[in-house]
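In what follows, a structure is listed as structure tokens, so that the remarks can point back to it.
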Amino acid sequence: MAASKPVEPQSGSGLPRWQLALLVGTPIVLGVGAVYLWNRSRGKEKQGKKNGERKTPEGSASPVQGQHGATNPELENMSPLDRAQSAKNKGNKYFKAGKYDQAIQCYTDAISLCPKEQKGDLSTFYQNRAAAYDITYKMLNLKWTEVIQDCSQAVELNPCYIKALFRRAKALEKLGNRKECLEDVTAVCILEVFQNQQSMLLADKVLKQLGKEKAKEKYKNREPLMPSPQFIKSYFSSFTDDIISQPLQKGEKKDEDKDKEGEASEVTGSSGYLKAKQYMEEENYDKIISECTKEIESGGRYTAEALLLRATFYLLIGNATAAQPDLDRVINMDDANVKLRANALIKRGSMYMQQQQPQLSTQDFNVAAEIDPRNADVYHHRGQLKILLDQVEEAVGDFDECIKLRPDSALAQAQKCFALYRQAYTGNNPSQVQKAMDGFEDVIRRFPKCAEGYALYAQALTDQQQFGNADEMYDKCIELEPDNATTYVHKGLLQLQWKQDLEMGLELISKAIEIDNKCDFAYETMGTIEVQRGNLDKAIDMFNKAINLAKSEMEMAHLYSLCDAAYAQTEVAKKYGLKPPTL
């Protein structure tokens, strides 16, 4: 099964996940591999600039030669600007001594003394006073209004004033004004060429908060949307011990398909579950939930199966709230087929992982392994969970158990190989990397019809910058699964990284959308590229389309983050004329 879109593992790096302008992420794809867009060279700043705190005011703390304080007669002979600078320098001394009230007074004097046409100096005085207010308010837990007002004055005088913009962004964030905060910190990131981790982390924090807020409201009121037939078939193909995904057996055929004597008199054409199964075979997925409901409400023979099938389609349309009670009922049916209960645990565990509840997810998978220890699906899907949790060794152990139970499981073989490869690649172990690459060769030799094997190998080859070979692997995927939109997206990204062929890359991603207009990964990727091209309105449109197709609240929150990042750039461009370099 090819995954529909990237899923990142949990990690402790603390680095931002968002992709604002030039930042290009390297998310790991569960079932498809890591997607690298392309590397762009950027000028490097000193470490101090990247990680340094913005705590001190600007300007020398020592007065200019000949200045000895307000009582000095020479002050009367100074120009207004020199007198303002003298007041500012005194303020800096007080600031460094921790005497913030006195510093604020000195900066206020500097502002009143400074000629209005000296915009650069005046903006510095406002920013310095804001810095003193900032520290004072932190200590006293006061509001941040004066900080914002002074920073706004500084920015009005000097629109590209990084310190003032960043200080205002932090104050706005404290007051909960996230939209305005995001615009300021976006401007800072662009001015700093995305080199300062401090501003990047603030942007990431605000984007995640905005994304979660918007996704929570949108997801609650969203219209359920059935995924494409290709996605549904790929989803079910990842299960081998799932009773509900198996074709109708001879004794389960509807009455009109049987001979006159009948083959199973207790089963009639009125069985909602069997009708649902028939609709599955016909790819008439929209009728499945209603038919399962009929079976459940009538207390039919296949109630447990109908509950599980209905829950599965609730999950597919992104309605986890409706799915969970059905899964709970199946799990708690002690007399139900153990494979039904194990499958329900797998699906509930996967649902918990989407909801970012890894402990509950792990617990469900462990229970599934206890009640049905010879169920290959349990180990296959738990292995995928372990990859997401960055527990590679445990993932490999689960894939090994799956392979032991089902030696012909090409998916498990390919994903085990990928897990070993990522471990070696991130650990910078060349010999183990080569061993994993040899493993990929063995997988595609033994399972030449497994598209997943080629897709994972293609990603590893891309990591190794063996672009031509990676392109061939994607061509194999397309040959085996011509209706798999995700493969076209990855092949398009490869063209960008390999040949910097923007036209070809966009053509392939557009092809993916043509094949499957419900492929949210294609819209997300197109939006990310359009951000980098500077086509922000089009990027926002692509992200919004992906948002409407998101299958979980977590996915939707991430997409809102990308959309908000693009929107913030449009506002920054309007206000300050600031734009990052484009493709």
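Numbering starts at 1 and runs along the chain as displayed.
Placement of Cβ uses the backbone N, Cα and C atoms for every residue, glycine included.
For reference, TrEMBL has these:
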COMPBIAS  42-57  compositional bias 'Basic and acidic residues'
COMPBIAS  250-263  compositional bias 'Basic and acidic residues'
REGION    41-81  region 'Disordered'
REGION    247-268  region 'Disordered'
REPEAT    84-117  repeat 'TPR'
REPEAT    342-375  repeat 'TPR'
REPEAT    376-409  repeat 'TPR'
REPEAT    451-484  repeat 'TPR'
REPEAT    520-553  repeat 'TPR'
TRANSMEM  20-39  transmembrane segment
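Within the repeat 'TPR' (342-375), the DSSP-based counts of helix, strand and coil residues read 27 helix, 0 strand, 7 coil.
DSSP assignment over the repeat 'TPR' (84-117) gives 27 helix, 0 strand, 7 coil. Taking H, G and I as helix, E and B as strand and the rest as coil, DSSP gives the repeat 'TPR' (520-553) the counts 29 helix, 0 strand, 5 coil. DSSP assignment over the repeat 'TPR' (451-484) gives 27 helix, 0 strand, 7 coil.
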